[in-house]
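The transmembrane segment annotation in TrEMBL covers 21-40, 93-114, 126-145, 151-172, 192-220, 226-245, 326-345, 357-375, 381-399. The repeat 'TPR' feature in TrEMBL is assigned to 423-456.
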Amino acid sequence: MRSVLPLRTDPIAASTPTATSWLWVGLWLLPALVVVLVWLPSLSAGFQFDDWNVIVHEPKVHSLAAWWASMPGIRPLLKLSYAAHYAMGPDPIVFRVFNMGIHALSAMLVFWLLQVRGVRAGLTPSHAMLAGLLAALIFAIHPVQTEAVTYISGRSSSLSAFFCLVALWCWVRGDSSGQGSSLPRKRESILWSFASCAAFIAAVACKETALILPLALWLYSADGHAFRRLMPLFALVAVLLLLAASLPRYRDLLDVSLQTRSITENLLTQSRAVLYLAGQLIRPWNMNADPELTVITQVDATSLLLCSGWSVALGAALWNVRRKPIGAFAVLWFLLWLAPTNSLLPRLDPANDRQLYLAMIGPAWWLSVQLIRWAQTRRPLLAMLTIALVLGSLCAATIERNRIYETEVTFWEDTAARNPANARAANNLAMAYAMACRREDALREFDRAISLDPSDFRARINRKFLREGELPGVDEARCGNSVIPAGHPLSRV
């Protein structure tokens, strides 16, 4: 596959109006500014769900010394960030400010990268710039991103993604510098390549899904000959895999994954999970912290149809890489970034919204290119109104979604309402009620969790401890609760 640009054309120079233009600087900063405005109200939210196990009740991230003593371990850079912020104080606002900052920087990088990619795909510089900006804004404010930004434990996705984008940015800069034949240009290219490798290692040290970055770089390059230039990164992947295999914790996680369900069952399940995730991009009011997706254990007509459909979509995208580069890129980018979590290796939860953090860039860019093309060639006023409606709706949905994270009660009330048959959501809502001193509500939800899943012992134990005044996390003195006597209607186990 050949590049759509002449060999000596510099896509960076071609896509940048003027490097010193204040307008250009303002446009580049716009996605970050929008992130701050939309996410600022969420900074007062508390810890949620996995935050308690991963941060609050995890002594290994309560100080830098404790973190160092726990090494070597999995996701070391991610845990270092937790330890550094916990050392400043266990207030969740410290963690959320960092998450918001990372998301803002990522949105700026998305703008730059898509602008350059647009020129490589044959768009005019102005079309590439406007489409890149719109896609970056969609990336910045889509409510699906709340699970990677507002939800503190979602940092594994957003921080790893940030370093992936940095690695991609460095690689593009190095690739552009390498087009010159002079020695200084070649040295500059080598330095950018080393920086890209360093960012790649940092991304993997936050989350292992970043190992597919070399494939993403190859896809972004739109150049079949780029594979040769990426060989050092592919070699680095092999080294990182060997290092991961040497750590017992990674081997244990792999064993647990393979015991969760068979690979065939997982592929059948993921055919629906990926469809669910694709749907989340067009349903901004339907975010769900704990979606209960059915695990498919036998081949049925629906699963076969979906697997065939995704295979056809993949094949069509590969076939049209040169004919329709933007549409092909959107599909391939989306499927590529979902592959580590939504293909072969089973996970306890088939799908989570945060898995879309990087994957959504492809579809967002395709939509943006179409809207800008519409605005430039057909009905500009109607197109601009459509763009304003899309961005306004996403902003409103994200602000509303962020309110859900304010307290554990609001978080789990929303989750339980969206998943009436989810026993885990009912049990966690009961725990939230108990810690908020809403004893009767807690007992009611524990009973509902037991009725939904009689085999789950956790709700039974939690209900028993609450009745006896010994439920961990509940301040009985503050709540003023008393032990329910034997024989009372609520004392049944």
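Each residue, glycine too, has its Cβ placed from N, Cα and C.
No curator has checked TrEMBL annotations; they are predicted automatically.
Under the criterion of 3 or more C-beta pairs below 8 Å, with sequence separation of 6 or more, the transmembrane segment (326-345) and the transmembrane segment (126-145) do not qualify as touching, having fewer than 3 such pairs. Highest Cβ contact count with the transmembrane segment (226-245) among the listed stretches 126-145, 151-172, 192-220, 357-375 falls to 192-220 (criterion: pairs under 8 Å).
Remote same-chain residues near the transmembrane segment (357-375) are listed as 110, 114, 117-118, 123, 127, 130-132, 134-135, 138-139, 142, 144-145, 148, 157-158, 161, 164-165, 277-278, 281, 326-327, 329-338, 382-384, 386-387, 390 (criterion: CB distance under 8 Å, separation of at least six residues from the stretch ends). Under the criterion of 3 or more C-beta pairs below 8 Å, with sequence separation of 6 or more, the transmembrane segment (381-399) and the transmembrane segment (126-145) qualify as touching. For the repeat 'TPR' (423-456), the model's pLDDT averages out at 92.
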